[in-house]
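Asker: Input: one structure, supplied below.
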Amino acid sequence: QYSFKEVFGTLVVQKELFDVVAKPLVEDLIRGKNGLLFTYGVTGSGKTHTMTGSPGDGGLLPRCLDMIFNSIGPFQAKRFVFKLDDKNGVDVQCEVDALLERQKRDAMPVPKTPSGKRQMDPEFADMINVQDHCKVEEVDEDNVYSVFVSYIEIYNNYIYDLLEEAPFEPIKPKWNNCNTPVRNGDFIPPQSKILREDQNHNMYVTGCTEVEVKSTEEAFEVFWRGQKKRRIANTQLNRESSRSHSVFIIKLAQAPLDADGDNVLQEKEQITLSQLSLVDLAGSERTNRTKAEGNRLREAGNINQSLMTLRTCIEVLRENQMYGTNKMVPYRDSKLTHLFKNYFDGEGKVRMIVCVNPKAEDYEESLQVMRFAEMTQEVEVARPVDRPLCGLTPGRRFRNQAFREELSRKLEMRGGPINGETEEQSVSEMFLQNFPPLPSCELLDVNDDQTLPKLIEVLEKRHKLRQMLSEEFAKNVLAFKTMLQEFDSSVVSKENYIQGKLSEKEKTIAGQKMELERLEKKIKTLEYKIEILEKTATIYEEDKRNLQQELESKSQKLQRQASDKRRLEARLQGMVAETTMKWEKECERRVAAKQLEMQNKLWVKDEKLKQLKAIVTEPKNEKPERPSRERDREKPVQRSVSPSPVPNPPPVRLRHRRSRSAGERWVDHKPPSNLPTETVMQPHVPHAITVAAASEKALAKCDKYMLTHQELASDGEIETKLIKGDVFKTRGGGQAVQFTEIETLKQESPTGRKRRSSPSNPDLPGDAADSEWTDVETRCSVAVEMRAGSALGPGYQHHAQPK
């Protein structure tokens, strides 16, 4: 939803639109104020139709022209009384100079400006046939007016004059796109114009054709002549799409009459020049919808760029006014905004008509247009314009006309000249003409008695006529004196009345000034309070933001501390459990090592006692037999002894090693790169899940984990390590393994180290004694090495060391 000052439906007529939108601008134009009227919208939404109209129903432009000429029609100056200069100014000429200028222009072979008496072009005759006769009330009748029009277009960010008669050079040939010469009669393409700034800092187009017009028909014919040169093209969205921004400028020059009410006051400072600019913007469009390419694509890019610059300028103005900033408005980025810079700076009133097409395809673009147009309403640019004070008596034009009419009537009554055709004659000549002519006074005969009586009769008539004229003159003098006295009395009464009114107005003005001063003081006080409140609010908001940031940082710090505490608790619990398990295993290992040590000592003592007993009980001459180890193996001693060296030992059944955690669920991880070992002792874990690679699914089902790892020992044999650990659940829902111990299975080759069995005859010589030594290989074909602390029993730690 968007809000506007006025919304018109699809059935609105041109007159209603004109009365609401354009009529106030025309009234301001005649009162000496500037105005700017835009038509803005998507291409094909009816901008040109709104501005120009259609046959039988004229648009805003012809209605503005009609209202202007209806208002100032009887007060227009003759041609060339006002003369525009090249610097956006205006000069005033006397009647004689204007007459010479008209004669000079009539003698020139240039095309004449269209006249209102000629028959109009039927192509646009219906558009300006407005029957409303709308006019501005209270037009200053003591001023004379002249209207000047100009028509330009902004195409591809260049300014062209649509009223310029393109000159041609008959000598220099022209070339077209096919590199062939064109006939010498063809026109040269128009040259772009330059924007300049006058002494009042107003922007204007240099060298632009400005035509003085005296009627609505003449002005619209000038417009139509330029409209035919405007650039239009056929696109996918519009058969006659405007490819440029057109600007029709109406300038109104007005100056007061002199004190007699006859001629224009010859003072340039008293001239007021106001202008009304009617702008038909080219439509914003998307190239993917218009299927534009080539020149059309470049035109669309320049159109959209200029409209974007207009939007940027409006946004910056709005920001400066709403937030008190002083950002630079980028007027110079586009010719369109640069030309109307003064309007946005406050040199006149700006109004915009937003044209919307209810097509579904234009939905998104129409939303953009209305969003921008709604934003422009928040920009206030109008400010009052000071008009120069004339200081002459108002109503002098009509008083001068009344005086002339009365003088003509009096002269007509006296038989004098009529209709103001006065002859320069003296008063005595007028009297002599009114007297009867004298007869001939020559006396040729003494008896002539007719000449003298005729002369006496004529002189008597003349005397009577003279008396009558003197009486009439005296009456007229009395009447004139009476009129002068009445006029003086009326003037005195009017002066008194005016003085009274002036005193009342001055009192009112003084009261209003005092009220204004009071209100200004109140405004300053309120502004000061508002400023203090804003500063206080800013301080409070800053404190609030600081406190919120501090609160957030504290809460984050607390959360981090809580999470660190939880992680520390979990870590300490893990460390306590790990330390407990380590110490339990260390105690078990030490106990087992101590048991193994004590058993080895007992075994050594038993062997020594057996040997001593055999020495004591057997005779000296007999060779002592070696005690048998079979009895020792039959004893229920929980230790392992080396087997006796028998030539054919019985086959040994393969024994599987059992884990301490045989009752628990294990993950037996055996990588595929491991080699099978043909040893007697093989690790075996019941109820285990054997995997080639560890997986989360397998770890989730078990409590223990065992990795079988093989590596090459320093002596070149394969060393198998069983790495065991406990499976834990992580906070993220996964599984983690904490390794607890390592078991090593090592296979060794037999070495040449000798071991002597128990000697039966200790008194044999050294050779016989050496013969009693036997190899370990002959006594035991398999040796197992386990580190201290293992659960396989102390007997497996025996290395067959010599006794």
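The chain as shown is numbered from 1 upward.
Backbone N, Cα and C atoms are what each Cβ position is placed from, and that goes for glycine too.
Quantities reported herein were computed from a predicted structural model and do not represent experimental measurements.
According to TrEMBL:
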BINDING   Gly41, Val42, Thr43, Gly44, Ser45, Gly46, Lys47, Thr48  ATP binding site
COILED    502-578  coiled coil
COMPBIAS  619-637  compositional bias 'Basic and acidic residues'
COMPBIAS  661-671  compositional bias 'Basic and acidic residues'
DOMAIN    1-379  domain 'Kinesin motor'
REGION    615-680  region 'Disordered'
REGION    746-774  region 'Disordered'
Asker: 10 Å Cβ neighbour count around Gly46 (ATP binding site)?
Answerer: 16
Asker: Taking 10 A as the limit, how many CB atoms besides its own sit near the CB of Gly44 (ATP binding site)?
Answerer: 21
Asker: Hey, what's the Cβ neighbour count for Val42 (ATP binding site) at 10 Å?
Answerer: 27
Asker: What is the number of other Cβ atoms found within 10 Å of the Cβ of Thr43 (ATP binding site)?
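Answerer: That number is 24.
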Asker: Which residues in the same chain, at least 6 apart in sequence, have a Cβ under 8 Å from the Cβ of Ser45 (ATP binding site)?
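Answerer: Those within reach of Ser45 (ATP binding site), by Cβ under 8 Å and sequence separation of 6 or more, are Gly283, Cys355, Val356, Asn357, Asp362, Ser366.
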Asker: What mean pLDDT does the predicted model reach across the domain 'Kinesin motor' (1-379)?
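Answerer: Its mean pLDDT is 81.
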